[in-house]
Amino acid sequence: MSSLDVDAIIAHADQYPKPAGVHFQYGTAGFRTRGDILESVVFRVGVLAALRSKKLDGKTIGVMITASHNPEHDNGVKLVDPRGEMLEAAWEIHATTLANAQTSQEFVQTVQTLISAANIDITKPANVVYARDTRPTGPALVAALELGLKAIGAQGRNEGVQTTPVLHYFVRCINSKGTKDSYGDDSVDGYMKKLSESFKSLVAGKTRPEPLIIDCANGVGAPTAEILVKYLGESIPLILHNTAISTKGALNYECGADYVKTQQRLPPSLNGVLKPGQRACSLDGDADRLIYYYLDERGHFHMLDGDKIAALVAAFIIDLVNLAGLSGDDFKVGVVQTAYANGSSTKYLADRMPVKCVPTGVKHLHHAAEHYSVGVYFEANGHGTVLFSPSAVEAMKSHKPSTPAQASALQHLINLTELINQTVGDALSDMLLVEVVLAHRSFTGAEWNSLYNDLPNRLVKVVVKDRNIFKTEDAERRLVSPVGLQEKVDELVRKYDGGRSFVRPSGTEDVVRVYAEATSRPQTDELALKVAQLVYDFTGGDPMKRPESL
Ligand code: G16
């Protein structure tokens with residue numbers, strides 16, 4: 001298109017008027033709210049994705065329609081930049097502005113302002129690849145997106161129902177096709193082969209593990225895992241549970257990674273199924289998070305969360321780097337965490353390697369991890385991956401091992417660069433990574449768990465009148481607003497042995513999150529409840545709805 005067809009955009013936008021009285025915000029992971037009020041937002045995201053593509057000379061931009069761990073009635077949409085990473089932060093504001101334009105005319109004016117402010121050459125091509133998860137509102141939102149793409153004349157490629165990490169993988173593959181950094185084949189077959197072949201090489205000669213149970217959260221991870229099972233063949237026995245993607249209300253309900261992490265218990269559907277000592281893991285609704293767990297001989301539940309995954313994986317990678325003879329000042333392995341990381345995990349890791357704490361959100365962790373040769377990042381909620389910098393990859397390729405042991409460690413590292421989805425957290429790729437380390441270490445779940453002892457911790461959601469008044473600093477560890485609340489939290493925390501607590505507004509749900517840690521379980525729970533009540537009372541919550549228990 002040689003110039004913006006204002007009339008066409010207005011005519012199309014009129015089909016998706018913005019609901020009155022709602023303010024949309026591009027948050028931690030894009031827009032996320034009730035799926036039935038998101039159509040205007042998704043239409044506009046279609047236009048924005050096309051503008052982003054034009055700005056980047058026609059590079060393919062990804063659009064994922066998902067609300068991940070949220071309840072089934074929610075939905076969401078997020079943009080993926082050309083290397084498969086999250087949308088550049090500066091454009092999040094444009095997304096929010098476009099989504100909140102009150103009328104189609106105002107929307108087009110905002111588009112025009114963006115075009116001139118960002119100096120976008122509208123004559124450039126626009127390419128967008130998109131997918132959705134299994135939510136019932138998904139198809140209507142895809143239709144809205146497609147109309148947005150049509151309104152601005154963008155080329156769209158519909159990848160149907162996919163996990164979030166597969167969509168991120170596609171974006172990187174499409175944009176790197178034919179270059180020396182080609183990331184892989186932009187097809188499900190390409191993704192499956194990359195993961196399964198590197199996995200088989202990494203576990204060659206190792207004992208075949210006992211069957212692993214996967215709780216698929218009744219979401220899109222189920223069909224993707226079903227395909228993966230076929231590609232993995234005999235290399236690892238996988239048993240899929242919670243695969244009911246068409247059962248209404250089943251998505252993330254009493255299952256999935258968020259349920260296990262926040263409830264700190266087994267999904268009820270696995271009661272009597274999971275045997276003591278057997279490994280199991282849960283994916284979330286779009287399969288970008290992973291939590292492991294097992295029952296001990298007494299049937300007690302033990303969780304291996306994102307922190308435990310980071311500890312397992314980072315220590316393994318450091319060993320391989322040392323064994324391969326790669327370690328040195330210009331080859332640094334580091335870990336990135338958030339304030340939610342268990343204090344014990346931070347201590348374990350910091351004794352062994354550099355550790356950085358950043359605000360919640362994969363985009364923050366991802367960027368911080370890029371500063372290391374090998375950057376391992378995991379949020380406690382199970383969202384994470386490992387990044388190998390271009391210079392680290394070069395160093396691995398050009399390194400001449402001097403012993404068979406060095407050669408083998410080097411080959412393992414090279415295989416890991418293939419196994420790990422380096423675009424974003426990927427539950428299935430991470431699961432295979434964990435299985436590789438367990439196989440190499442000959443670890444049971446209990447042995448893995450014993451790397452360090454988690455401090456008891458509790459995460460609570462508090463529904464407040466307006467979460468936007470909550471502002472934080474110091475990687476979200478301290479509140480600056482509402483004024484005076486942090487001092488009161490500090491006062492409470494001082495009363496608990498080893499106490500730590502922080503309060504931050506969620507970027508994906510309309511709640512404020514309270515995290516608490518202390519040296520004993522009862523103290524932790526009491527601290528979490530007291531801070532939650534403090535937050536509620538301080539913001540003038542209805543006394544009748546005050547949280548009285550966890
Ligand atoms: C998203 C982000 C994660 C973040 C999580 C919760 O995950 O990608 O980085 O930890 O939301 O964020 P908040 O506490 O701000 O609600 P997902 O798996 O829901 O896409």
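Keep in mind that glycine also has a Cβ here, set from the backbone N, Cα and C atoms.
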Can you match one of Ser53, Ser68, Ser506 to the Mg(2+) site that TrEMBL gives for Asp284, Asp286, Asp288?
Ser68
Among the recorded positions Ser68, Asp288, Glu379, Asn381, Pro505, Gly507, the ones with a Cβ under 6 Å from any atom of ligand 1 are Ser68, Asp288, Glu379, Asn381, Gly507
Spell out yes or no: are there three or more C-beta pairs under 8 angstroms between the domain 'Alpha-D-phosphohexomutase C-terminal' (459-533) and the domain 'Alpha-D-phosphohexomutase alpha/beta/alpha' (100-177), with each pair 6 or more apart in sequence?
no
Same chain, not part of Ser68, Asp284, Asp286, Asp288: whose C-beta falls within 8 angstroms of the C-beta centre of the Mg(2+) site? Give them in sequence order.
Thr66, His69, Asp133, Thr163, Thr164, Gly219, Ala257, Leu283, Gly285, Ala287, Arg289, His383, Ala427
Dominant neighbour of the domain 'Phosphoacetylglucosamine mutase AMG1' (212-290) in 60-90, 100-177, 305-442, by Cβ pairs under 8 Å
305-442
Helix, strand and coil residue totals from DSSP for the domain 'Phosphoacetylglucosamine mutase AMG1' (305-442) stand at 75 helix, 21 strand, 42 coil
Give the three-state DSSP assignment (helix, strand or coil) for Gly507 (substrate binding site).
coil
Return only the integer: C-alpha distance in Å from Glu379 (substrate binding site) to Asp288 (Mg(2+) binding site).
11
Candidates Ser68, Asn381 (recorded positions); min other-Cβ count within 10 Å returns Asn381
